[in-house]
There are 2 protein chains.
Amino acid sequence: MSIADTANNNPYEDDFPTQKAILGMDMPMRLDCGAELSNFSIAYETYGTLNADKSNAILVTHALTGDQFVAGVNPVTGKAGWWSIMVGPGKPIDTDRYFVICTNVLGGCMGTSGPAAVNPETNEPWGVDFPVITIGDMVRAQALLLDEMGIETLFSVVGGSMGGMQALEWAAAYPERVFSCVPIATAATHSAQNIAFYEVGRQAIMADPDWCDGHYLKAGKKPRSGVSVARMAAHITYMSEAALTQKFGRRLQDREKVTFGFEADFQIESYLRHQGNSFVERFDANSYLYVTRAMDYFDLATTHGSGRLADVFKGTEIRFCVVSFSSDWHYLPEESRVIVRGLTGAGANVSYVDVVSDKGHDAFLLEEPAFERVMRGFLEDAARKRGLIDE
Amino acid sequence: MSIADTANNNPYEDDFPTQKAILGMDMPMRLDCGAELSNFSIAYETYGTLNADKSNAILVTHALTGDQFVAGVNPVTGKAGWWSIMVGPGKPIDTDRYFVICTNVLGGCMGTSGPAAVNPETNEPWGVDFPVITIGDMVRAQALLLDEMGIETLFSVVGGSMGGMQALEWAAAYPERVFSCVPIATAATHSAQNIAFYEVGRQAIMADPDWCDGHYLKAGKKPRSGVSVARMAAHITYMSEAALTQKFGRRLQDREKVTFGFEADFQIESYLRHQGNSFVERFDANSYLYVTRAMDYFDLATTHGSGRLADVFKGTEIRFCVVSFSSDWHYLPEESRVIVRGLTGAGANVSYVDVVSDKGHDAFLLEEPAFERVMRGFLEDAARKRGLIDE
């Protein structure tokens with residue numbers, strides 16, 4: 001039985017239609033942890049048309065809980081893709097002009113191999129026997145997929161949050177394969193505060209008895225409460241204090257007075273509970289552990305250099321556009337400025353925009369006209385330089 | 001069996017020596033939720049000597065997880081009291097001059113009646129049958145204790161965080177019984193973000209199967225993991241991002257390389273796990289629910305006025321000193337400024353200091369010389385006005 005046959009046993013996948021490549025068949029992929037992965041799946045979607053010289057490909061990299069359905073309609077949810085504001089015909093990432101690829105990250109749970117997939121050696125779900133992966137591993141797998149597609153160089157790699165980490169990793173690991181790079185609302189390394197928040201989530205999941213020491217799928221269980229609490233804790237960090245106040249304040253949920261109890265009296269409580277409960281349905285608990293761990297381990301300057309970002313990117317010819325959002329406290333604008341200083345120190349071609357927004361970290365996923373203008377302008381300019389648009 | 005006899009069944013108390021008053025004996029205390037509480041215990045400590053005209057009493061009010069052992073040695077932990085930096089002979093809250101009282105809040109678990117205490121009607125631990133209490137109820141119980149002590153007027157009521165809410169509540173509910181008031185690192189109402197953080201903690205506790213629907217004491221259990229996760233989530237909010245970076249950064253715990261696993265690789269992880277695990281030993285899970293709920297419900301302007309703080313304090317003769325800390329993101333300096341604007345609008349006598357500190361919310365508990373000078377100066381000046389020091 002090959003991975004391709006068994007992959008549909010992944011309960012988070014449910015036979016939804018997505019493209020899938022089986023990689024590491026001739027030669028296993030070496031992971032940063034030292035393990036090797038062979039015959040693994042990368043689920044992906046493409047939008048637009050690859051041009052004749054294969055020079056118009058944009059890899060969009062997704063965040064922690066994102067997926068490959070970046071534009072159009074997500075066949076699982078029936079809703080718009082997670083970045084359809086930004087990606088589509090006539091949009092800033094214009095699928096009339098660019099060929100957009102988005103892969104579900106290694107360790108994810110939307111068709112790509114991860115802890116919820118079946119281990120071909122045991123024919124049972126990997127669970128926590130799946131090797132721990134890094135942002136570097138995610139990107140290495142994406143590079144193998146591009147090899148399969150015959151795409152040598154990306155016109156751009158674009159991503160927000162953990163997607164921004166992948167974009168930076170691409171620029172560091174494959175400088176010759178990247179023409180331009182747009183790291184958004186991200187950091188070159190995970191801060192203590194972010195490690196802390198994700199550690200709370202992991203502890204919540206691992207404390208849930210239904211986690212079954214990581215083998216809940218085998219046991220036919222699901223650590224629902226743990227995942228829900230993890231999601232609630234993380235979700236708070238995605239919004240600014242101002243946005244929470246504006247959106248919810250102290251407004252009560254379907255009642256005129258507090259109940260003097262522990263039900264969801266306040267709208268913010270029922271909103272968070274809903275976020276937690278609905279997340280359980282669409283995301284694998286172990287994937288949450290693996291993908292947050294990959295973020296914790298991300299430290300670009302240490303992995304690729306002497307500890308200095310400027311050394312990592314020395315002599316790079318990639319065109320960078322770094323974007324932060326003023327009210328983002330998950331990945332602070334200062335963390336983007338650290339990237340910009342490193343790039344500048346490396347003599348790189350770098351633009352930086354701190355978009356004034358009160359929407360917090362989530363701003364990169366929401367309607368922010370200034371951000372859209374920056375994306376469109378930067379990509380159009382790069383497209384001219386790349387010969388995709390007549391100068 | 002009276003509450004006084006059974007109170008030692010509280011597993012969080014373990015016979016440690018503390019003073020205790022049984023209140024609500026002649027007349028039950030009416031709670032904001034509508035229930036009545038009779039024969040309830042208030043555990044408290046005092047430091048210094050009450051003067052002849054009983055005009056030198058300072059009530060220090062504690063934060064969420066604080067207790068009555070504000071100074072000297074905490075007999076439970078054997079360590080210094082939680083504010084011994086601030087309270088003691090020669091300290092800014094000088095026990096050579098002032099008579100300091102600190103009570104464990106109603107709903108707490110250090111000897112005061114709360115969900116871990118025994119319900120005299122059933123002779124079993126209250127658990128979640130204990131009525132939901134408010135900051136107003138906590139203060140009402142403190143006022144009854146002062147009645148018992150024959151103290152008509154407090155020279156000052158001083159508290160940080162939830163202690164600051166109690167201080168403000170005192171000023172609003174008993175303006176004639178308060179000469180001065182020092183709300184520190186607090187807010188006049190709980191923000192959506194803070195409700196959200198505490199809701200995460202409550203959900204973590206209530207999701208733990210060992211919570212037993214709130215009756216774990218009867219069942220001989222303890223929701224250890226839930227309480228630990230709740231504490232971890234809250235603890236992050238007590239420190240600034242800068243303090244976390246400075247104290248922990250990405251330093252590893254007793255190892256040279258990451259383990260590619262889910263153990264505590266990073267110091268911040270093992271620190272948080274330790275915070276969580278040790279908290280379980282000293283704090284009752286249900287108390288955590290009750291006391292955080294009291295904070296969520298706190299909304300001074302709505303409870304005591306038309307929704308405007310200026311109306312709450314109109315005509316007050318209390319001398320106020322409001323203190324915030326620049327890097328506090330749990331109770332933002334802006335929330336202190338809201339209090340100051342309300343007081344100023346009410347024509348109150350108010351000083352305000354935003355102490356520049358990188359220590360975050362916890363700064364009020366830590367060594368901050370500028371803060372100590374402010375406290376000493378404000379109290380000495382008020383003491384002169386009060387005739388406790390010769391002008």
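Just so you know, glycine gets a Cβ as well, placed from its N, Cα and C.
Remember, predicted model here, so these are calculated numbers, not experimental data.
Taken verbatim from TrEMBL:
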DOMAIN    B:57-290  domain 'AB hydrolase-1'
ACT_SITE  B:Ser161  active site, nucleophile
BINDING   B:Arg231, B:Asp362  substrate binding site
ACT_SITE  B:Asp328  active site
ACT_SITE  B:His361  active site
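Sequence features annotated in TrEMBL and their locations in the structure.
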residue: B:Ser161; record: active site, nucleophile; DSSP class: coil
residue: B:Arg231; record: substrate binding site; DSSP class: helix
residue: B:Asp328; record: active site; DSSP class: coil
residue: B:His361; record: active site; DSSP class: helix
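When each of the recorded positions B:Asp328, B:Asp362 is scored by how many other Cβ atoms sit within 10 Å of its Cβ, B:Asp362 comes out lowest. Counted within 10 Å of its Cβ, the other Cβ atoms near B:Arg231 (substrate binding site) come to 24, all protein chains included. A simple way to gauge crowding: the CB of the residue listed as 'active site, nucleophile' has 27 other CB atoms within 10 angstroms, across all the protein chains here. In this structure the alpha carbons, written CA, of B:Asp328 (active site) and B:His361 (active site) are 4 Å apart. When pLDDT is averaged over the domain 'AB hydrolase-1' (B:57-290), the result is 96. Of all Cβ atoms in the protein chains displayed, 25 besides its own lie within 10 Å of the Cβ of B:His361 (active site). Between the alpha carbons (Cα) of B:Asp362 (substrate binding site) and B:Ser161 (active site, nucleophile) lies a span of roughly 9 Å.
Across the fold, the C-alpha of B:Ser161 (active site, nucleophile) and the C-alpha of B:His361 (active site) stand 8 Å from each other. A Cα-Cα distance of 15 Å separates B:His361 (active site) from B:Arg231 (substrate binding site).
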